[in-house]
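Asker: Pulled these features from Swiss-Prot for this protein:
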type	residues	note
TOPO_DOM	35-1237	topological domain 'Extracellular'
CARBOHYD	ASN76	N-linked glycosylation site
CARBOHYD	ASN91	N-linked glycosylation site
DISULFID	CYS94-CYS103	disulfide bond
DISULFID	CYS129-CYS137	disulfide bond
DISULFID	CYS284-CYS405	disulfide bond
DISULFID	CYS300-CYS356	disulfide bond
CARBOHYD	ASN327	N-linked glycosylation site
DISULFID	CYS374-CYS393	disulfide bond
DISULFID	CYS511-CYS528	disulfide bond
DISULFID	CYS517-CYS559	disulfide bond
DISULFID	CYS520-CYS537	disulfide bond
DISULFID	CYS531-CYS543	disulfide bond
DISULFID	CYS594-CYS613	disulfide bond
CARBOHYD	ASN598	N-linked glycosylation site
CARBOHYD	ASN696	N-linked glycosylation site
CARBOHYD	ASN756	N-linked glycosylation site
DOMAIN	858-951	domain 'IPT/TIG 1'
CARBOHYD	ASN1205	N-linked glycosylation site
TRANSMEM	1238-1258	transmembrane segment
Amino acid sequence: MEQRRPWPRALEVDSRSVVLLSVVWVLLAPPAAGMPQFSTFHSENRDWTFNHLTVHQGTGAVYVGAINRVYKLTGNLTIQVAHKTGPEEDNKSCYPPLIVQPCSEVLTLTNNVNKLLIIDYSENRLLACGSLYQGVCKLLRLDDLFILVEPSHKKEHYLSSVNKTGTMYGVIVRSEGEDGKLFIGTAVDGKQDYFPTLSSRKLPRDPESSAMLDYELHSDFVSSLIKIPSDTLALVSHFDIFYIYGFASGGFVYFLTVQPETPEGVAINSAGDLFYTSRIVRLCKDDPKFHSYVSLPFGCTRAGVEYRLLQAAYLAKPGDSLAQAFNITSQDDVLFAIFSKGQKQYHHPPDDSALCAFPIRAINLQIKERLQSCYQGEGNLELNWLLGKDVQCTKAPVPIDDNFCGLDINQPLGGSTPVEGLTLYTTSRDRMTSVASYVYNGYSVVFVGTKSGKLKKIRADGPPHGGVQYEMVSVLKDGSPILRDMAFSIDQRYLYVMSERQVTRVPVESCEQYTTCGECLSSGDPHCGWCALHNMCSRRDKCQQAWEPNRFAASISQCVSLAVHPSSISVSEHSRLLSLVVSDAPDLSAGIACAFGNLTEVEGQVSGSQVICISPGPKDVPVIPLDQDWFGLELQLRSKETGKIFVSTEFKFYNCSAHQLCLSCVNSAFRCHWCKYRNLCTHDPTTCSFQEGRINISEDCPQLVPTEEILIPVGEVKPITLKARNLPQPQSGQRGYECVLNIQGAIHRVPALRFNSSSVQCQNSSYQYDGMDISNLAVDFAVVWNGNFIIDNPQDLKVHLYKCAAQRESCGLCLKADRKFECGWCSGERRCTLHQHCTSPSSPWLDWSSHNVKCSNPQITEILTVSGPPEGGTRVTIHGVNLGLDFSEIAHHVQVAGVPCTPLPGEYIIAEQIVCEMGHALVGTTSGPVRLCIGECKPEFMTKSHQQYTFVNPSVLSLNPIRGPESGGTMVTITGHYLGAGSSVAVYLGNQTCEFYGRSMSEIVCVSPPSSNGLGPVPVSVSVDRAHVDSNLQFEYIDDPRVQRIEPEWSIASGHTPLTITGFNLDVIQEPRIRVKFNGKESVNVCKVVNTTTLTCLAPSLTTDYRPGLDTVERPDEFGFVFNNVQSLLIYNDTKFIYYPNPTFELLSPTGVLDQKPGSPIILKGKNLCPPASGGAKLNYTVLIGETPCAVTVSETQLLCEPPNLTGQHKVMVHVGGMVFSPGSVSVISDSLLTLPAIVSIAAGGSLLLIIVIIVLIAYKRKSRENDLTLKRLQMQMDNLESRVALECKEAFAELQTDINELTSDLDRSGIPYLDYRTYAMRVLFPGIEDHPVLRELEVQGNGQQHVEKALKLFAQLINNKVFLLTFIRTLELQRSFSMRDRGNVASLIMTGLQGRLEYATDVLKQLLSDLIDKNLENKNHPKLLLRRTESVAEKMLTNWFAFLLHKFLKECAGEPLFMLYCAIKQQMEKGPIDAITGEARYSLSEDKLIRQQIEYKTLILNCVNPDNENSPEIPVKVLNCDTITQVKEKILDAVYKNVPYSQRPRAVDMDLEWRQGRIARVVLQDEDITTKIEGDWKRLNTLMHYQVSDRSVVALVPKQTSSYNIPASASISRTSISRYDSSFRYTGSPDSLRSRAPMITPDLESGVKVWHLVKNHDHGDQKEGDRGSKMVSEIYLTRLLATKGTLQKFVDDLFETLFSTVHRGSALPLAIKYMFDFLDEQADRHSIHDTDVRHTWKSNCLPLRFWVNVIKNPQFVFDIHKGSITDACLSVVAQTFMDSCSTSEHRLGKDSPSNKLLYAKDIPSYKSWVERYYADIAKLPAISDQDMNAYLAEQSRLHAVEFNMLSALNEIYSYVSKYSEELIGALEQDEQARRQRLAYKVEQLINAMSIES
């Protein structure tokens, strides 16, 4: 599901306000269902839709005009600037607008629609025009969208108040060294007096020029503008001109418009009656009088269909073939345009649309011809809308050339003959809405957007094919239309596509989708060719060495092909030489490997284009499946140069012995031979024992040949003679022939006699089969010899056994039997039999050979259709026995109820069925039987029915329902009498047939057709056979139902959750249903009509077999409604309906049975119990204990069931949506009844207890009097405490509500002080070490510098040897003296040393991690402990690796929310008192750092003198009167130097704080001086309250004096007078500040005096009773933790959401994260670890806990800041929450849990779901190839290769080589690869070289 990200904050360049900016949302998650992944940018507000888009052709910046905003984006759609343009208070009726003069109209907050967005390249500015204030424009600086000018004080500045986008277009024309001109066309919405529809305006280079946007020429007689005449608007009230596109070409400016036609003298007041025409308007660039105005209609046609409604257009150059078709050059301009069909409904155009092309040269030629004809006096000016009448052309002898710009006659000029374009492509379904084109490799490539959010890619070749669509891409999953503006990136590799709410960057090609050369080169994409040795489809420039022969194939004939000889071998042939011929291959001299599928790979011998390979050995030959005689696999050639398989062909292994019959053997596709006498198939003919027994062709196989059908009557003894071919003569020792028959599963073997090689006979035998329901049984049989050698039966000959009597009980059925059976009717025995079995001599045996044979005694058994109308036409079906043997026998002898009924030949079934059609009955005929004769009407051939046929008169009474939707599909029921009579019925609604559904005697049901005449009533007519039933009924067609809203817009995968559908006319649907389609499968569920506007539905399941993952949110491919026949709602696009995963439950207990005590709640644990959907809808759970429901309470992970009062064992069932789940059973055990001894004991004990209670009561009464006074005293204390608790809670609540707004507005988001890369890396790698050797050049004492450097370069070679480096690290880790600190140090040194070779470092790191995982699992450690602690070099290297590769991500994305969180914590802490000694604060997230008593304080504003310029305004600084002087200094420094990095600021300890009282009197304030209060052994630090500093006092920070001085003796000042600052005391004798005495040495060490600030140390017992009282029940103050947490919540959320998102401001997820997570998944797969918790934990330990937690706790690693102790404590709480969010363990909390855990208890489940989704999203991203990763690592290495000194790092690493040299050399000598590379020797060389120098 698409999830919208919050918009981060940034400064906006608009001078009027600062706004919140959007984060770019980059889609890298997989679309559901095949959705491509593109960079996207979304609107920050759903209602602020995008309007225009343009791309700067120099910088590649993307500018987007939207409602209320103009955005500047980078090429990859990362936002840079958002410029606010609205909303503002306005009213369209205010003219001039209220920004010029006050307006009396009612003002409302009005959106500003961007209508024009043009780049003025020569002046580096952007022209943006909106709809506010009558359509004023702004000129914005391109770099930062700073407003250069916003002209608005003249009427020329108001372009149009139309607030609809797509109605205005502008073209900037600029001549060298001159001011520019802006040609602008706009719709005016009837305000023709205020706004011209077309004008040219001045565009001075100076933005402040008073002539800005003035008309180029404006006088009383002639102007550079055209207005719509009021007469035209009087004639056509909705007349307006919509400007769709504009451009400059040659010396002209062109506009493409759509406008209504204006018929002469006919007024049109309805917009629906308008006919629109699309026109080309041309003006000369240098024609301020507009004399050159020419307007011609244009469009195109195909197959007689006219396309006249312009939708979009684009000017481009033609490709070679298109230029040739137009007879122009490739440098000429061609206009590509999209039109919709017809000329009506411009604002709702038809889907039928066309892409057409117009050469500008052809347009100019037609305009020239129009001008010439008019100047010859032919016809009229034909511009009715502007001239109002027919104006005759004036003849003038004026030469008109290609550059003619008009005179003051014959202008403005129109025309009626359209400019016809070449139709390239049409579609009738998905209307095309936008177009863009460019030329690639000589081809015109056209990109067309559609109304359903798809992008068509079309190659425009010109005739005869026109345009060929070669690809279609789904850009917008929500199916919203693509808007007109599309633009290419400057490198033309991407196309920017825009919908109302999304800008998308789509690659112009996606060649990589084609995986074979054939697919690639037959795709039709001109960008794509086949990169042969890399086996990929790509552009030519992405294919390495594409210029070399056959490296890059551009046509399908150039594809590399492979032929192998032989193409197949037997499975028994091993290691055979195969000859492979490679056609069209590049140079293969680098080497080839032959791969046989995944079985084996061998070296190939290359000779030119021939390769010799050896087939697999016996161990590698594939096993052939039992039912096959061959197995094919891919024989692939792998290039050793690229490592890629670049060509393959099928190679087959065959097995002849799989064939059991001769024909299948010799007809096999392989070289198989049949051994006739051994009855086996073999690939080796030499294995046949007899030469003459070897068969190679099918003609030589022993086989049965076709003969006449073998018919055997059951019980008859008969031989079976068969024809054959090549029957073998059994050899000595071999048995003879047999016939084997399989009769109903029983095998019958009959001896057979071979007459010769072509004849065999099964001996005499009789055969039987069971049952009289089978008249003819086909029996499989085979001829075998020698026991089981089968003779082939290629024609599948069968023996047919039959019984004459079976299913032939009557004469008719008997004689109807096929004559081949020779069956006949034995009259005497009344049975069907063979002639020889009819033994009765007196009765004849009838068969077809008998003369004039007829069956007597016909019978009618049933009549179907027993009633009908007297008008006739009813078809009556008669079933019976002996109903004739030929149609002629019954053709004229059927009557029904006395009325002739005509039999129908086509319906006649011999002897069994007659169907006849009734004639017209005479008046008065009512009923009667059916009578018929067979041939002749003699008694023995006549019969009549027992059933009666009745004549009835059908009638209709009513109709239900009486209305239905226009699209039809309504089930209409017509009630009446005798409606079930007759054989057919027809119902008509108007002139259309109502589709028959069913009927009975009282009603007819049919389905209404779509209306052919629109809405309204239609008559209902009914016909029954030939009877027309009178009816006055009417059926009304009404508007189809419409759906407006679905609530909620979600369900779970199993569906069946309730949905409420709101819309119109919903009650006309009889059986509404709701449907979804997902992965090609459809699911439907039922709805119920509530009323005309409301339905209730049950959500369909996603699919019956869908099993979503725990974190999967799916969007169906289609969502809609089955509403009768309403097709428009089958797919409903106005919804974002999504499916959440099904809830899952754990078992109640491992055994499945949970023991419960009565009344105890049952807790069901699970996941996904509460889908995180917005709105109030929740899942409705029903829990049954047995059959009894229980009350349910639901949370995210558990379901609490209050059980009914039951005992015994009961099954628990959970119902939710369409799910039913049983987590087990509960066994409720009641307490057992008490025994008699127990009851006696309890009674005795109770008596004793009662006596004791009486005694205690007497004592208590006496004592209670004494306690009354104490109780009253305690009550007073409790009342006092209660009021203080209430006050504290009230304050905490008020803070919680107000502080978030205050904090958000206070924070300054400018200038984040990022550390440079080197400092950042050092703080992460070597924390606490500021000046590390790796930052300096290597320094060697003495003269050995060169030798040491030489030795270290040798060491560098060793370090770059993977075998050495791995052995080195493993050896160090085995040493006991190699401490944890050493491990971290070595890991950091290695990473700094390999900074320039990160590919190699990554390879080593992966190997170390793989070893670590192996070791972890071998030691039987729990897999979740992996990477938990830094106990190995690999773990620290992993941290450093992420530190290197995530630096860019930190700066561009994650750094901002982290810095904002730090600032928020710091600022929030400083808003309340902070104890300077203990670090405790009023506002804190940490319980340990919370002041737990009431501190009275006031906020003061101090005015600080600007230290840089004392004459500039003073800087106000917020402080607290309880702050110490040092705290005040730090706050002042923060305010004065707020945008200065901490390291560049002065330190508070180096500055003095002066309090200035007047111009001369200055007092230096200090934490400790002679005025400091000392009480007993406690000394309190001085605060502003102590000095009685008042609000708005003036202070200054001055550098600290080098030496203090004492107060002069002459000024005998008492201590009290200083502390009170009497007004009488002013020291004016010196310009220096008066300094209090220098602070004393901390007295704790000298005299036992303890210093305090706000609270004394809690452990001291000398506090006053009042102090202790103020701290009693300190937990009260924990509510402040909650207040602080609420204040900071948004900043924590922002940080977590950024870190747990795969989409970040347009930048992809850092490759390092995806690459490392995939590596961990691979390792889990390798070790068969399928536990998702383990995988989750590995990833959490790897990145969040290893890197992010470190950064969160230590923001000073990333930023140049100071982190105080209270800030550190709060960050630690956030970091702990972050760690808890990544954990998979259950979050169990109780009243004794730490407060920081309780603080975020409710948030952590949500954060956990973010983490799970984050990991799942990463897993779905496409894998990063090693090639892409290495390229990325190489780039990172290049960027930072010189940050650290390599030799210094190596020198530091060498110290470990030196320390453990013996162990290292020993390990190298034991390693085989190290021995082969003589690494131990090289180490000894290194040690010797370094030792010499030392």
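Positions of Cβ are set from backbone N, Cα and C atoms, glycine also.
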Asker: Rounded to a whole angstrom, what is the C-alpha distance between CYS559 (disulfide bond) and CYS528 (disulfide bond)?
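Answerer: That comes out at 13 Å between the alpha carbons.
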Asker: Measuring Cα to Cα, how many angstrom lie between CYS520 (disulfide bond) and CYS129 (disulfide bond)?
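Answerer: Per the Cα atoms, CYS520 (disulfide bond) and CYS129 (disulfide bond) stand 45 Å apart.
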Asker: With CYS528 (disulfide bond) as the reference Cα, tell me which of the glycosylation sites ASN76, ASN91, ASN696 is the closest one.
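Answerer: Comparing Cα positions, the candidate nearest CYS528 (disulfide bond) turns out to be ASN76.
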Asker: Round to the nearest Å and give the CA-to-CA distance linking CYS300 (disulfide bond) with ASN327 (N-linked glycosylation site).
Answerer: 19
Asker: List, in sequence order, those recorded positions among CYS103, CYS137, ASN327, CYS356, CYS405, CYS543 whose Cα sits within 10 Å of the Cα of ASN756 (N-linked glycosylation site).
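Answerer: Hits: none.
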Asker: Please give me the CB contact count at 10 A for ASN91 (N-linked glycosylation site), counting all chains in the structure.
Answerer: 16
Asker: With every protein chain in view, what's the tally of Cβ atoms within 10 Å of the Cβ of CYS528 (disulfide bond), excluding that atom itself?
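Answerer: That number is 24.
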Asker: Using a 10 Å cut-off on Cβ-Cβ distances across all protein chains shown, tell me which of the disulfide-bonded residues (CYS284, CYS374) has the largest neighbour count.
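Answerer: Of the disulfide-bonded residues CYS284, CYS374, the most buried by Cβ count within 10 Å is CYS374.
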Asker: Compared by Cα position, which of the disulfide-bonded residues CYS137, CYS531, CYS543 is the closest one to CYS393 (disulfide bond)?
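Answerer: Nearest in space to CYS393 (disulfide bond), counting only the disulfide-bonded residues, is CYS137.
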Asker: For the domain 'IPT/TIG 1' (858-951), what are the DSSP-based totals of helix, strand and coil residues?
Answerer: 9 helix, 48 strand, 37 coil
Asker: Does DSSP put CYS559 (disulfide bond) in a helix, in a strand, or in coil?
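Answerer: For CYS559 (disulfide bond) - judged by DSSP and reduced to three states - the answer is coil.
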Asker: Roughly how many angstrom lie between the C-alpha atoms of CYS594 (disulfide bond) and CYS511 (disulfide bond)?
Answerer: 27
Asker: List, in sequence order, those recorded positions among ASN91, CYS137, CYS537 whose Cα sits within 10 Å of the Cα of CYS543 (disulfide bond).
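Answerer: Those close enough are CYS537.
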Asker: Per DSSP, CYS537 (disulfide bond) is which: helix, strand or coil?
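Answerer: In three-state terms, CYS537 (disulfide bond) counts as strand.
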Asker: If you measure from the Cα of CYS284 (disulfide bond), which of the recorded positions ASN91, CYS374, CYS517, CYS531 is the nearest?
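Answerer: With Cα distances computed to CYS284 (disulfide bond), the winner among ASN91, CYS374, CYS517, CYS531 is CYS374.
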Asker: Here's one to test understanding: among the disulfide-bonded residues CYS103, CYS129, CYS531, whose C-alpha is closest in space to the C-alpha of CYS374 (disulfide bond)?
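Answerer: The answer is CYS129.
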Asker: Compare the C-alpha of CYS103 (disulfide bond) with the C-alpha of each of the recorded positions ASN76, CYS137, ASN327, CYS405, and give the closest one.
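Answerer: Comparing Cα positions, the closest of these recorded positions turns out to be CYS137.
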Asker: How big is the Cα-to-Cα gap, in Å, between CYS129 (disulfide bond) and ASN598 (N-linked glycosylation site)?
Answerer: 64
